[in-house]
Structure formats: C-alpha cells, structure tokens
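Visitor: Take a look at this one; I'll ask things after.
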Amino acid sequence: MTADDGGLVSAAATPEERAFEAGLRPRTLSEFVGQRKVREQLSIMLEGAQGRGRPPDHVLLSGPPGLGKTSLAMIIAEELGVPLRMTSGPAIERAGDLVAILTALTPGEVLFLDEIHRIARPAEELLYAAMEDFRVDVVLGKGPGATAIPLDLAPFTLVGATTRSGLLTGPLRDRFGFTAHMDFYGADELALVLARSARLLGVRLTDDGAAEVAGRSRGTPRIANRLLRRVRDYAEVRADGVVSREVAQAALRIYDVDGLGLDRLDRAVLDALVRRFGGGPVGLGTLAVSVGEEAETVEDVSEPFLLRAGLLVRTARGRVATPAAFTHLGLEPLADGLGRSQASMALSGDDSPQA
Ligand SMILES: Nc1ncnc2c1ncn2[C@@H]1O[C@H](COP(=O)(O)OP(=O)(O)OP(=O)(O)O)[C@@H](O)[C@H]1O
Ligand SMILES: [Mg+2]
C-alpha cells in the first residue's frame with residue numbers, strides 16, 4: 001500500500017477517476033469554489049494582462065494533491081481565451097523534448113507544466129531563458145565544436161504545478177511572477193463543491209447530506225467528489241435515491257470512512273496508539289508492527305492526515321495521541337492533555353503500556 005493506492009480517502013487520483021473528474025472540473029474562475037485570495041489575485045492579474053494585450057506573468061500553483069491545480073491551469077487558459085498545451089515534468093526527459101514543445105507554441109498560449117519539480121535538469125536550465133526572454137538556445141553538435149543557435153519563441157505563459165514546491169530550485173522559482181499557494185478547503189466550501197457536482201451528476205443531495213460528506217473529505221475536493229459517487233450508489237441501491245445525512249452516514253460506515261474522514265488504517269493506528277500504548281509516546285516501528293503495516297505506510301499514508309487533524313503529534317520520544325484523539329475514539333481525554341503513559345508516570349511512576 002502506498003500513498004497513491006487509490007484508497008477512498010487518498011488524495012491522489014486513480015487512473016479511472018480522471019475521466020470522471022474531467023466532467024466535474026470548474027471551467028471558469030467564478031465556478032471555482034473557495035481559495036478566495038488566489039482567485040481574486042489571479043483575476044486581477046489576468047484582467048490586467050488582457051488590458052495590456054500581453055500574456056500574463058508565469059504562474060506557479062503549489063499545494064497538496066486534489067485541491068484544484070490542474071483545474072486552475074485550465075481556467076487560466078479559458079479566461080484568457082487562448083489554447084492550453086499540457087505536459088508534465090516526468091514527460092520531459094531531454095532538453096530536446098522541451099524545445100519541441102516551446103517552439104510549437106503560438107503567441108499568447110498557456111503551457112501547463114504539471115509536476116514541474118520532476119523536470120530533468122538540462123530541460124530546466126533551458127526553461128530559464130524561455131521564461132525570461134522567450135528564447136531557447138538550441139545546441140548543435142557536441143564538445144568544443146558545438147554551436148548554440150538562439151531561437152525566438154512566441155510570448156507565452158507558463159503555468160507550473162507542484163505538490164512539492166520545496167524541491168524547486170531558486171532560479172526556477174524566481175522566474176514565476178505569481179505563486180498561488182492552495183490551501184485545504186473548509187467544510188462549507190466542500191459542501192458547495194458537492195452541491196455543484198451533484199447538480200452535474202443529477203444526484204439529489206440535501207444540504208445536511210452535503211455537510212456530512214464534506215466533513216469527511218479531508219479538506220480536499222477530489223475526495224469529496226469521490227465520496228459523493230460512493231454515497232450516490234448507496235442511495236440508489238439501498239435507499240430512495242436521495243443523499244440525506246442519514247444515507248451519507250450509513251453509506252460511509254460501510255466504506256469505513258468515519259466522521260472525520262479517517263479510514264480503516266488511520267483508525268487502527270489511532271486505536272493502537274491510544275488503547276494499546278496508552279496514548280504514547282511510542283516509536284513508529286512499534287506502532288506499525290502493532291497494526292500489521294510497514295513503518296513507511298503508516299508514516300506516509302496515515303500520519304500526514306492524523307497530524308493535520310490534530311489527532312497525533314510527533315515528539316522526540318515517539319508518537320503521542322492528543323486529547324482530540326481520545327475524544328474521537330469515545331474515550332475521556334487525559335486531564336493534563338498528555339499521553340496516558342506520561343500521565344500515569346506522573347501519577348504512579350508506572351510507565352507500562354496499557355493493553
Ligand atoms: N475549487 C474547486 N471547485 C470545484 N471543484 C474543484 C475545485 N478544486 C478541485 N475541484 C475538483 O477536484 C478534482 C481534482 O482537482 P484537480 O485535478 O484540479 O487537482 P490537482 O490539484 O491538479 O491534483 P493533483 O495534484 O493530483 O494533480 C477536479 O476534478 C475538480 O472537479
Ligand atoms: Mg493536477
């Protein structure tokens with residue numbers, strides 16, 4: 001199991017999900033829900049550029065999977081009324097691949113470079129002059145006899161997307177005139193995403209049904225849309241077709257997605273930490289063994305969301321459950337807000353894990 005295994009609450013898209021997602025993508029800035037700041041800044045920038053009749057600055061979209069980077073890139077081209085050319089870092093293995101793409105661009109076109117942090121180094125260096133001066137140097141031949149022929153490019157806008165902006169080199173990052181940091185969505189924003197998707201899919205979704213699904217979607221529109229599909233199936237097969245709060249709850253119970261959006265493994269990790277190790281601290285390896293998983297799986301798949309949800313913290317001595325973790329499992333949080341072994345140590349000097 002990896003972070004990309006396509007579990008129900010994984011933020012990565014599964015291959016068969018892509019076609020379905022295409023139909024739900026917002027097409028314009030006004031259809032794009034949430035990210036209010038980014039939307040406002042982008043809309044001013046796009047309008048300004050259009051007024052000047054010039055392509056806007058290069059845009060870097062950074063943020064976790066499933067928050068709408070690809071959607072925004074498509075919207076930028078749509079709002080500018082120009083064609084969009086899409087490629088990705090891993091697809092550009094040699095500088096020549098990039099030259100071919102860049103020289104084929106027509107004036108004003110938007111080039112979307114997904115996973116830009118994975119672009120090969122020689123191609124990245126070529127990108128510097130392309131972004132700055134709309135120029136590429138094509139090198140002919142090898143060794144001392146090699147000659148560089150400068151080629152002018154049509155002015156274009158590069159839209160780069162990355163889930164790992166920390167991996168971008170300084171020179172590349174500096175050449176973007178505008179960087180949009182995408183944040184996780186609030187439950188009310190996800191409810192709006194769900195209402196829109198339900199309309200497009202012809203699903204009858206009540207307001208409290210939308211709120212219920214939104215609350216389990218980990219702040220991520222992709223997950224919200226995925227859960228909606230599962231809930232819709234359940235509503236059609238086991239209920240009257242309407243996705244109400246009760247129907248959503250019943251459906252997601254079957255799919256092991258709990259009220260906070262934790263799946264089976266997340267809950268197993270939390271449960272072991274709280275019940276078996278008294279809230280911690282416990283080492284990652286021990287915790288992983290006790291749920292029958294690899295340490296990497298627990299660390300990469302479960303922990304990021306448990307951390308983000310404020311259910312678990314990492315300390316120098318190991319993983320510790322927060323009071324919210326106890327509450328979430330239906331237990332009394334410890335009075336001092338520490339893991340139980342620390343608390344019991346303080347009370348009785350006994351540090352043995354509780355069964
Ligand atoms: N702001 C939004 N409003 C409405 N729907 C959205 C929004 N953001 C994302 N979505 C929906 O979530 C799905 C995933 O979004 P998108 O593919 O743009 O994410 P991404 O950031 O590019 O993800 P990845 O990092 O995996 O490439 C889209 O199909 C779209 O329907
Ligand atoms: Mg994408």
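Placement of Cβ uses the backbone N, Cα and C atoms for every residue, glycine included.
Summarising the annotation, TrEMBL assigns ATP binding site to LEU24, ARG25, GLY66, LYS69, THR70, SER71, GLU132, ASP133, PHE134, ARG175, TYR185, ARG222. The feature domain 'AAA+ ATPase' is assigned by TrEMBL to 55-186. For THR70, the entry in TrEMBL reads Mg(2+) binding site. According to TrEMBL, the region 'Small ATPAse domain (RuvB-S)' annotation covers 186-256. Feature annotation from TrEMBL assigns region 'Head domain (RuvB-H)' to 259-355. Positions annotated as DNA binding site by TrEMBL: ARG314, ARG319.
For each listed feature, how buried is it and what is near it?
Guide: Within the same chain, the residues at least 6 positions away from GLU132 (ATP binding site) whose Cβ sits under 8 Å from its Cβ are ARG175, listed in sequence order.
Under the DSSP three-state reduction, THR70 (ATP binding site) is assigned to helix. Counting Cβ atoms from all protein chains shown, THR70 (ATP binding site) has 20 others lying within 10 Å of its own Cβ.
Mean pLDDT for the region 'Small ATPAse domain (RuvB-S)' (186-256) in the predicted structure: 96.
Listed in sequence order, LEU273, GLY280, PRO281, VAL282, GLY283, LEU284, LEU287, GLU303, LEU312, VAL313 are the same-chain residues at least 6 apart in sequence whose CB falls under 8 Å from the CB of ARG319 (DNA binding site).
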Visitor: Do any residues at least six apart in sequence from TYR185 (ATP binding site), in the same chain, have a Cβ closer than 8 Å to its Cβ, and if so which, in order?
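Guide: Expected: VAL33, GLY34, GLN35, LEU67, VAL193, GLY219, THR220, PRO221.
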Visitor: Using a Cβ cut-off of under 6 Å to any atom of ligand 1, determine which of the binding-site residues LEU24, GLY66, THR70, GLU132, TYR185, ARG319 qualify.
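Guide: What lies within reach of ligand 1, judged by Cβ under 6 Å, is LEU24, GLY66, THR70.
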Visitor: Using a Cβ cut-off of under 6 Å to any atom of ligand 2, determine which of the binding-site residues LEU24, THR70, GLU132, PHE134, TYR185 qualify.
Guide: THR70
Visitor: Please work out the number of neighbouring Cβ atoms within 10 Å of the Cβ of LEU24 (ATP binding site), leaving out its own Cβ.
Guide: 16
Visitor: Just counting, how many other CB atoms are there within 10 A of the CB of GLY66 (ATP binding site)?
Guide: 27
